[in-house]
Ligand code: NAD
């Protein structure tokens with residue numbers, strides 16, 4: 001049966017981007033969050049993003065009309081797939097996923113956009129772990145082409161095929177990863193960001209110069225500290241912790257300054273301040 005309705009749980013940075021690309025591909029989207037305020041912000045942000053693209057007003061309205069906002073898990077009952085994009089905390093995600101599983105049909109694929117948690121561990125508390133899979137979008141979702149598809153120990157081939165088919169429908173490119181901390185991209189990227197924080201913390205160069213160095217010297221589109229601000233410093237720290245714990249290797253220890261900034265609530269663009277300041 002072809003997919004018509006997708007549930008997206010969590011309407012923050014990633015959830016609103018996922019909702020936008022799914023609705024743009026013609027899918028009905030049920031966007032769920034605990035916070036009404038986040039849902040309203042998400043819709044405003046999607047509207048703004050669509051406004052930047054050369055779309056007919058009627059097309060834009062049709063995309064927006066396909067997105068239903070809700071704080072009630074009951075809205076997920078018709079979904080053929082649910083993509084969880086809630087806050088990156090194990091206990092919170094386990095609870096959210098268990099609630100999702102109570103409402104959806106046994107055929108529904110439940111996917112998580114986690115950056116750092118184990119797909120196998122999240123699956124273990126679900127009634128149908130074989131229908132559970134990692135679908136790791138990148139930020140900003142409407143712009144970034146890649147989706148990492150992450151198979152847990154018990155993920156079955158149908159769930160995998162359905163996620164790959166969704167990615168094709170969204171015009172994204174997939175790579176497949178085994179369930180290991182950081183999967184592929186973050187395993188390589190986040191230690192590089194952490195090293196940039198250590199260089200900054202040691203006073204070797206300013207944040208602007210560190211970013212310029214990697215943009216102009218390595219052809220990176222965005223410097224590592226600016227990228228950390230875009231991802232969210234709390235998310236970067238969570239990924240480092242999972243690499244550190246997952247591999248028991250001190251090379252992944254988070255830079256103390258990163259921990260300090262997160263403790264201060266300076267999480268990057270989403271709070272207006274991180275390594276750089278934002279309006
Ligand atoms: P965010 O903080 O912007 O948004 C999280 C949202 O989850 C918030 O709107 C919050 O209200 C909602 N939420 C919290 N508890 C909930 C619950 N019980 N039920 C429903 N909604 C709930 O976070 P984000 O950056 O969008 O990250 C979401 C997920 O995507 C995380 O797993 C993160 O690791 C992953 N991710 C983030 C990035 C990135 O660059 N930010 C990239 C790839 C993957």
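Each Cβ is built from the backbone N, Cα and C atoms, and glycine gets one as well.
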Q. Which of these, 33, 40, 249, does TrEMBL say binds NAD(+) at the same site as 10, 11, 12, 13, 14, 15, 88, 93, 115, 139, 270?
A. 33
Q) Just the number: how many Å between the Cα atoms of residue 14 (NAD(+) binding site) and residue 136 (site 'Important for catalytic activity')? A) 10
**Q.** Pairwise CA distance, residue 10 (NAD(+) binding site) versus residue 136 (site 'Important for catalytic activity'), rounded so that it is a whole Å
**A.** 14
Q) Can you tell me the mean pLDDT for the domain '3-hydroxyacyl-CoA dehydrogenase C-terminal' (182-278)? A) 97
Q: Tally the residues of the domain '3-hydroxyacyl-CoA dehydrogenase C-terminal' (182-278) by DSSP class, grouping H, G and I as helix, E and B as strand, and everything else as coil.
A: 67 helix, 3 strand, 27 coil
**Q.** Three-class DSSP secondary structure - residue 139 (NAD(+) binding site)
**A.** coil
